[in-house]
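Written below as structure tokens is the structure these notes are about.
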Amino acid sequence: MKKASELVGATPNAQVRPVSLAIRKAVARFDDLAPSLPIVVGCSGGADSLALAACLIDAGSRAGHEVYTVTVDHGIREESTREAEAVVAKLLSLGADKAVRKQVNVGKEGGPEAAAREARYAGLGEARRELGAEQAPVWLGHTLDDQAEGVLLSLARGSGTHSLAGMRKGFEGGHLHGRIRPLLELRRADTEACCHGLGLDYVLDPSNKADGPWKTASGEALRRAALRERALPALAAALGKDAAPALAKSAVLARQDDEALEQVADRIFASVSRVEPDRVELDAKKLKSFPPALRRRVLRAAGAQLGMTELTAAHLKAMDALVQDWHGQGPAHVRGGKAWRAAGRAILTLQR
């Protein structure tokens, strides 16, 4: 097999150009922010991640960065290990400086898709450390289609602006974030065309199909797969146009609103909080005067100070009740700690 630099070339063909151009622009930004770090890519072997990896191997080598690839093996199907090993071999042939397979165990909490995602990100983090690239962000192949699907799933859950904001590209605010997604403005059809243009066969995982072997606990199709194959086409038929671009645009607008609210909430948190190593005290009287959207963000920030990064909407609602509906109730038990308000005091305490 030819190296990625030969396949992509200095002037990529029309099928490859959209992905290659997006990658080269992203690598240039990465080079400005982290010139000494390697590029670490998550690659399942599907069209999105394979197009990403091939173009990153090309662009990264041109910019002087080593490129490491990680293929996570979820072990869900009998043939998954063989497929993962074949992907690793392909990536090495394309010119990856290092390519590894990372075996993970998928738990059962939160549904199959959420459990697989959690295991995948944990595996990518472990592999990054094992590769000696702990400081490097992980590059991922999510596209505009993934963003649109995520927005619809968030709407179906009744999520707020923070979840509707979707995924970041990874360079927001001139800073380097932990995950880089340079293909968020491209379509799944672009990555498939890129693979065809490079002459690369990609993995078609039946687990991603609505009628595939992987089901929910109730035996139904996985939510994202069903949405992709049934809901989005039905929505397009009803509207007379593809809804994915508008949904992805809504994610961008929600992100901008969310970031503005976060900035205001950060200032409020600084004015109403007292932070100690194992507890955060909040002036409930002051906090009560702000709108719910800002109160929730302040409460989430208080939890983050104590390492409570997985506070749910139910947790935040219970904590907020101690602020705006105080009538002597007991503590709110949250993941990793509890929040309470002492009788006769306008202080909300969150402790781990």
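Glycine residues also receive a Cβ, built from the backbone N, Cα and C atoms like all the rest.
Whatever TrEMBL says is automated annotation, not expert-curated.
Record features (TrEMBL):
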- 39-210: domain 'tRNA(Ile)-lysidine/2-thiocytidine synthase N-terminal' (DOMAIN)
- Ser44, Gly45, Gly46, Ala47, Asp48, Ser49: ATP binding site (BINDING)
- 282-345: domain 'tRNA(Ile)-lysidine synthase substrate-binding' (DOMAIN)
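Where TrEMBL records a feature, it is marked here on the structure.
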| residue | record | contacts (Cβ under 8 Å, 6+ apart) |
| --- | --- | --- |
| Ser44 | ATP binding site | Thr71, Val72, Val87, Val203, Asp205 |
| Gly45 | ATP binding site | Thr71, Glu83, Ala84, Ala86, Val87, Lys90, Tyr202, Val203 |
| Gly46 | ATP binding site | Gly141, Tyr202, Val203, Leu204, Asp205, Asn208 |
| Ala47 | ATP binding site | Arg188, Thr191, Glu192, Cys194, Cys195, Tyr202 |
| Asp48 | ATP binding site | Gly141, His142, Thr143, Asp146, Leu183, Arg188, Thr191 |
| Ser49 | ATP binding site | Val41, Gly42, Cys43, Leu140, Gly141 |
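As a summary of secondary structure, the domain 'tRNA(Ile)-lysidine synthase substrate-binding' (282-345) carries 31 helix, 10 strand, 23 coil according to DSSP. Note: the ATP site is recorded as Ser44, Gly45, Gly46, Ala47, Asp48, Ser49; in the same chain, Cys43, Leu50, Ala51, Leu52, Gly141, Thr191, Tyr202, Val203 also have Cβ atoms within 8 Å of that site's Cβ centroid. Annotation note: Asp48 (ATP binding site) sits in a helical segment as assigned by DSSP. In the predicted model, the domain 'tRNA(Ile)-lysidine synthase substrate-binding' (282-345) has a mean pLDDT of 90.
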